[in-house]
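Since the structure comes first, as structure tokens, the remarks are kept for the end.
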Amino acid sequence: MTTLADLRINYSRASLDEADAAPDPFVQFDRWFKEALAAKLPEPNTMTVATVGADGRPSARILLIKAVDERGFVFFTNYESRKGHDLAANPHAALLFYWIELERQVRIEGRIEKTSTDESDRYFASRPLGSRIGAWASEQSTVIDSRATLEAREKEVAARYGENPPRPPHWGGYRLVPDAIEFWQGRPSRLHDRLLYTRDDAAATGWSISRLAP
């Protein structure tokens, strides 16, 4: 049997140098994201979202990024879920994008704010009908009796709202406003390239760049 200690690959696809990195981390993220799209990676918009609750316990889950601009990184969820309760108690989070085919990671840390009602309404209206019904049917992160209970609730919601379910008051968007963004490029011998962007009001771009030891 193969042991876990024997599982490894050597990274050699690319490098990341300060001279080639964009001065603005949002520009650098856009560059890498477009390269992930061009490489036809499966769901390059998936990310891990890590939160910490009032009890100090961390939790993490996979979500989809839905918008990125100079204000931050936007995702949508149930405000009454575990992550929602965590963020209400501690409005800070970390995101991680992992594009293994490109041997890249992007780590993002910052404070969390809710998106506007209009932003949440517009995105909710753009979702497939089944997803909009599901937002009402699922009391996310609560214990349920069975799959049948969930499906019965789905049918009930579909009958009530038809083709136009409104956005539930417990569902909407969050924006992570970053204060640190790290770009990681795998390199041979585990001597990876790591460039960390941190907020810096004195810098022309509002960000400073540091190289971290792997």
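Keep in mind that glycine also has a Cβ here, set from the backbone N, Cα and C atoms.
These features come from Swiss-Prot:
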- R8, I9, N10, Y11, K66, Y123, R127, S131, R190, L191, H192: substrate binding site (BINDING)
- 61-66, 76-77, 82-83, Q105, 140-141, W184, R194: FMN binding site (BINDING)
Closest of the binding-site residues to R127 (substrate binding site), Cα to Cα, picking from L63, Q105, R194? L63
In terms of Cα spacing, which of the binding-site residues F76, R82, Q105, S141, R194 are within 10 angstroms of K66 (substrate binding site)? F76
